[in-house]
Amino acid sequence: MSPRKYVIVTGGVLSSVGKGLTTASLALLLSSRGYSVEAIKIDPYINVDAGTMNPYMHGEVFVTEDGGETDLDIGHYERFLGKNLSRKHNITTGQIYFSVISKERSGDYLGQTVQVIPHITDEIKSRIKEVGDVSGADVVIVEIGGTVGDIEGLPFLEAARQMRLEEGFDNTFFIHVALSPYLPTTGEQKTKPVQHSIQELRRIGIQPDAVVVRSHQPLEQEGLRKIALYATLPMENVINSYDIENIYRLPLLLEKQGLARLVERRLFGRETRPDLSRWEEFVALYEKASRRVKVAMVGKYTKLRDSYISIVEALKHASAYEGVRPELLWVESTDIERGVVDVDRVFEEADGAIVLPGFGVRGVEGKIEAIRRFREGKKPMLGICFGMQLSVVEYARNVLGLKEAHTTEVNPETPHPVVDLLPEQRGIDKLGGTMRLGARPVRIVEGTILWSLYGRELASERHRHRYEVNPTYVDRLVEAGLVVSAWSQEGYVEAVELRPRDHPFFLATQFHPEFKSRPLNPAPVFKGFVTAVARLRG
C-alpha cells in the first residue's frame, strides 16, 4: 500500500482570494482520476467553530451530516466532490488549543513545558492525519485559511513545513494561491504582490511546488514568467486562475492548464485521464440556459451574499436542469419594515421568493410581510428554517385571525406562541454547538407537494434550529388549510405547504435542503421551486 499523499494549499496577498474553490476543484480533478480524496479547511481563528459567528463576519455556517457548524468552504468541497464530509474536516485554532490545554490539565504531557512547538504543531498534524486514517483516502488536501504572514496562521504553516520533512518530498505537494491585482488606471496587472507573498512563504521554510495566480483577466506570458522565475519553478507550474462567471467551470480551466497533472505526476508518478463527462454536461447545461427567472431573496444578511451561499448554489443546480438562469433580487427584510423597500414592487418584479434563514428580532416583520404578499398573490414561495417558522406565524395572524401570534424567540410574551422553543432546548444556557444540528430523518406525508418532489416516505435532511411549530396549534392551522407535509421522528413539524388548488407553490421547510444539493444531484425542494417559478414565467 502506497503512503498517503498530502496537498497543502496556502494563500497570499489577501483572504477570500479563491483558495477554497481551488481546493474544491483540485479535489474534483483528482477524484475524477479514480483517487479517493478528502479535503480539510483550517481556520486560524480562536473560535471552536463557526456556529456563533455573525454571518457578516464569516459568511454562511455550513452544517455537516454529523452536526458540525463549519466554514462555508466545506460546502464547496462537498458540492465539488459529491460526498458528505464531517465536522473533523474543519480545524480551528480554538479546537487545537482546547484539546492541548485539556490534555495538559489531564496530565497527558507528563510534566513537560507545553509549547507551540512541538505540542500545538503535533496536535495539528494529528488532526490532519486522522481524517486520512479514518477514510483511508489516497489524498488529503488541506487548505490553510487566511494569508501567509498572518500571526494566527503561523503554527499551521509550521505544522505543514514539518509534514514535508516527516511524510517525505514525494508524498507532499504545496500549492500557493495569490492575487495579482489589476490597476484600471494604468491598465496593468501587477505581479509584485505575488512575488512578495512567495518570499514570505519561503521565510517560513516552505517552497511552493506550484503557484496559482488569481487575476481579474488572463495574465500575459511575461507576467507568468516573472512569477515562475521568482518562485524557482518551471513555467508549467504557474497556473493562471482568472475571473470567470461560472465557478463550476473552474475545474475545467485548471484541468486545461495542467494543475492536477502536476500533482498526480509528483505524488503518484503517473498521468491519467480524468472522467469529467458528467461535470462537463452540467456546466454546458448551466451556461446554455438563457431564459431568465427573477427570484426575490428575502433575508437579513443580504449585504454579504456569502451568508446564503449554499442556497444560491442550490438554485443554480436546479435551474441548470430546468433550462433557466436565476436572477437574484436581494431584499433586505429590515428595509421592508422601514418602508425603504416596497413589498408590492418586489412582488411585481419577482417570479418567486425565498424567505431565507436567520435568527433574532431584526427584520422579522419584513419577512412576514413578504410571506403574506407572495402567499396572497399566489406566486411561488419557499421558506427555509426561520422562513418556515415565520410562514406559520403569518398564516396564524392572517388566516387564523390570531393577530398577536408570534414566535417566542422574538416575543416571549405573545399570547399565541405558534412557534416555541424545542423541549430539548429548555434549560440550555450555552450557545455553541447546542442547537438541533445535523442530518435527521424526515417522514414525508403521501399526497403532498413534498412527496411528489422526493417520491418516498423517508428522507434525511440537515437541521440547525432551536424552535419548532408549537404542537398545541397544529390542529387549528391544519383546519384553516395549512398542510403539514413532513414530520420528524420526535413529532416535530418539518414542513408545511398549501394545496396546489390554493396556491401554485407554497412550501416551507424546517430543514435546510440547500446543504445537500449537488451540481449533479440537485435538492428536490429547489427543483420543485424552480420548476414552479419557470412555469409561472412561461
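Cβ atoms are placed via backbone N, Cα and C, with glycine included.
Record features, source Swiss-Prot:
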{"type": "ACT_SITE", "residues": "His512", "note": "active site"}
{"type": "ACT_SITE", "residues": "Glu514", "note": "active site"}
{"type": "BINDING", "residues": "Ser15, Asp150, Ile151, Glu152, Lys190, Thr191, Lys192, Pro193, Val194, Gln195, Lys226", "note": "CTP binding site"}
{"type": "BINDING", "residues": "Ser16, Val17, Gly18, Lys19, Gly20, Leu21, Asp73", "note": "ATP binding site"}
{"type": "DOMAIN", "residues": "294-538", "note": "domain 'Glutamine amidotransferase type-1'"}
{"type": "REGION", "residues": "1-269", "note": "region 'Amidoligase domain'"}
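Annotated features taken from Swiss-Prot, shown on the structure.
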| residue | record | Cβ neighbours (10 Å) |
| --- | --- | --- |
| Ser15 | CTP binding site | 12 |
| Ser16 | ATP binding site | 12 |
| Val17 | ATP binding site | 19 |
| Gly18 | ATP binding site | 18 |
| Lys19 | ATP binding site | 26 |
| Leu21 | ATP binding site | 21 |
| Asp73 | ATP binding site | 25 |
| Val194 | CTP binding site | 30 |
| Lys226 | CTP binding site | 18 |
| His512 | active site | 23 |
Query raised in the report: If we check Cα distances from Val194 (CTP binding site), which of the recorded positions Gly18, Gly20, Leu21, Glu514 wins as closest?
Result: Gly18
Requested in this report: Identify all same-chain residues not among Ser16, Val17, Gly18, Lys19, Gly20, Leu21, Asp73 whose C-beta atom falls within 8 angstroms of the centroid of the ATP site's C-beta atoms; report them in sequence order.
Outcome: Gly11, Thr22, Thr23, Glu143, Val177
Requested in this report: Have a look at the recorded positions Val17, Gly18, Gly20, Glu514 and say which one has the shortest Cα distance to Lys190 (CTP binding site).
Outcome: Val17
Query - Distance [Cα-Cα, Å, rounded] between Glu514 (active site) and Ile151 (CTP binding site) - result: 35
Report summary line: Greatest Cα separation in angstrom, residues Ser16, Val17, Gly18, Lys19, Gly20, Leu21, Asp73 binding ATP per the record, works out to 12
Query raised in the report: From the Cα of Lys192 (CTP binding site) across to the Cα of Ser16 (ATP binding site), what is the distance in angstrom?
Result: 19
Report summary line: CB neighbours within 10 A of Lys190 (CTP binding site), counting all protein chains shown, number 15
**Report entry** Mean predicted confidence [pLDDT] for the domain 'Glutamine amidotransferase type-1' (294-538)
**Finding:** 96
Query raised in the report: Which of these binding-site residues is closest to His512 (active site) if you go by CA atoms: Ser15, Gly20, Lys226?
Result: Gly20
Query raised in the report: Which of the binding-site residues Ser15, Ile151, Lys192, Lys226 has its Cα closest in space to the Cα of Leu21 (ATP binding site)?
Result: Ser15
Requested in this report: Quick one: of the binding-site residues Val17, Gly18, Lys19, Gly20, which has its CA closest to the CA of Lys192 (CTP binding site)?
Outcome: Val17
**Report entry** Chain-internal residues near Ile151 (CTP binding site), provided their CB is under 8 angstroms and they sit 6+ positions away
**Finding:** none
Report summary line: As a whole number of Å, the Cα atom of Asp73 (ATP binding site) is distant from the Cα atom of Ser15 (CTP binding site) by 13
**Report entry** Between Lys19 (ATP binding site) and Lys226 (CTP binding site), the C-alpha gap once rounded to whole angstrom
**Finding:** 22
